[in-house]
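Feature list (source: TrEMBL):
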- B:56-77: transmembrane segment (TRANSMEM)
- B:85-218: domain 'Anti-sigma factor RsgI-like middle' (DOMAIN)
- B:266-328: domain 'PepSY' (DOMAIN)
- B:349-407: domain 'PepSY' (DOMAIN)
- B:430-487: domain 'PepSY' (DOMAIN)
- B:506-566: domain 'PepSY' (DOMAIN)
Amino acid sequence: MVMTSSAHSNSSPRRASVEEALLFQIASGSKEALAQLYAETKSAVYGFALSILKNSHDAEDIMQEAYIRIYANAHTYKTQGKPLAWILTIVRNLALMKLREQKRVTTLPPEDWEIPDVTHGPDDTKLLVSALLNRLTDQERQIVILHSLTALKHREIAALLDLPLPTVLSKYHRALEKLKKSMKEEDPR
Amino acid sequence: MKDRDIENRLATYVQQTTPDVLDSVLQQCDEQEGRVLPMSSIQKINHHPKKRTWRIALSAAAAVFILATGLIMGYQYQSLHRVDSIVEIDVNPSIELKINRQEKILSATPLNTDADVILDGMDLKGVDLDIALNALIGSMLKNGYVNELRNSVLISVENEDEAKSAALSQRLTEEVNKLLADSSIQGAVLSQTLTGTEDLEQLAQTYGISLGKAAVIQLLVEQDPSLTFEDMANLSINDLNLLLSSKNADLNKITSVGDASSGAYIGEEKAKSIAVEHAQVSLSEAAFQKVELDYEDGRVVYEVEFSSAGTDYEYEIDAAEGTVLKYEREQKRTANSTNSSTSQSYIGEEDAKMKALTHAGLSSSDVQFVKAELDIDDGKAHYDVEFYSGTTEYDYEVDAYDGTILKFDADVENFTIPTNDSSASYLGDAKAKAAALQHANLSEGDVTFTKVKLDHDDGRMIYDVEFYSSSGDYEYEIDAFSGAILEWDCDAKHSGQNDASSPDYISQDQAKSIALEKAGLSDSAVTFYKVNLDYDDGRALYELEFKSGSMEYEAEIDAVSGAILDWDSERDDD
């Protein structure tokens, strides 16, 4: 089998070609391919939705909707070597739509991202996530999440977020500085 | 904590908390089957997401059914659209072709920006592989990526059937050679088949290169650990091919046809003659031990080693420009041939230490020994002796038989270099320091020296002088003969040695209130994240970051004048 699956979602050329092949098969109605694509990309899709919506329930809803859209629209995907960017554009559009909808309906306090507990990993992961939520601007958070969870290049992230490349670069570096600093402050070691 | 660690932890966190919605998605896709999915239906799904629980119960059975029907229906389509082989073509442009069993192109993907140029405006989908290859090589020739100076092409084929991969890669090699020959170019084609590529994928991804190129680099790096993957990733296939042949690398699974062109470089003979000329040795008197293409500090170089009249020379020469980048000469132990033949006893570590100390003009009470040990190098025994005196480090090689100093290196104060005839005319550390201080307009009492070292640089002798004062870090390069300032750099960074801020500076609170005034906010309305005294471009400034509601502010304020140097505000919910 040329196509292999792995737990990591990323956009290496190799992976991109796998994802692209899966999209072709999804276009012909293969749910097996959809399940494979899901396994490849779920963390990136969820993480990106979360970084926009800052609410795990909303992110989960968008995640579901996104894969349903992917299934329905795979035939419209054009070969560009950027299947993950295509997928994440769908996620972004759905998430932004959701935000607009929320703004119309309610005036909820904007930042109520519930941070689910993690059982594994260092204790201060929660601190890091809370810094991600509270100290970064929306754009900074989205950039850091995309860069952490996918192998998208800054250039590709810039295209996805409709931002100029230098902006993405400076925001990315600033965001990491902020995160590092917040970890240092919390942890005097 | 490093950037990478932060990112890894965030990624791990998200991966661990990602919910599983697959069953629900498959279920809902099934409900939509056969219908166009209009926007409104997506909205509808959104209105009752809580139904997920019971759907999951149903879905396991449903999914099995769906998969079965999906596979049958999809078969016809898949035989045409299924990826049978992946072919990568690397020159410097890297292109990945996915082909089906009929060798029609399913997709052509540019893997780097050079490849964008090559693929620009080309639609290869559905085209026969041979025709596509012809078009791609043609475009590379036209765009100057392949020519007499750079004639190497790498073909990598991946197919689950090893025999099929091998056959395809051989056929493509012949095809590429023929295409190049048609343009009167003697090609050099590397080809390989790829299998079991998990590690490579990681590397290819990290460095943004093709899997095939990663495989070649891995082979090079394994055989010459002085090369780094990172450096190699920047080289073209032709350079990699040249390195492979120059290092006589074991090609393992790679098949090589034709010789890589070194036309872009000066060539081994030229490198040799440049080296001997620089050493003022005639070509006929030089016995060459090594002439090898190598990669150092971001450039392709020739490493040339030869000996003449009892002296060993090592040169590094820029392969493209022929300039001497580095050289070293080492006097062979002249008495070697007569002494070492007899079983003479070694002088011992203590004696070796004494010889080194005497040479350095120091007594054992002045110094702290780091190392004194016997070492055999090229069949010659010597003692490696290292010691410190104050902040100066000495490094000696002492002949193990007769105690002569074979080699030494020191970061020294008031040191003159004997043995070498021109040494007498070096300035000495004290004068070098004085020259730097004078240029910086500082006195010895104002500064702390961190380095004063005699060094070779670009073929001439210089003093590297580094020191810091309360106003910043200084670096000088001073001509070792004339004392002229060749290069200097002043980085007004906080050196960490005087943490107490100068009384001339405004206080942190003053800086804060300047920023608050500018923002039109009161202290109670904002949260400060950062108020730091920092040094940037030679001046002291406060860096502030604070937030009020959804607005974020960043300010840089001159620590002396209180002027706002940089101001940035941003709405957080954009």
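Heads up, the Cβ atoms here are built off N, Cα and C, so glycines get one too.
Annotation: stretch B:430-487 has the most Cβ pairs under 8 Å to the domain 'PepSY' (B:266-328), among B:85-218, B:349-407, B:430-487, B:506-566.
DSSP states for the domain 'PepSY' (B:349-407), grouped as helix (H, G, I), strand (E, B) and coil, give 15 helix, 31 strand, 13 coil. Secondary structure of the domain 'Anti-sigma factor RsgI-like middle' (B:85-218) per DSSP, as helix, strand and coil residue counts: 60 helix, 33 strand, 41 coil.
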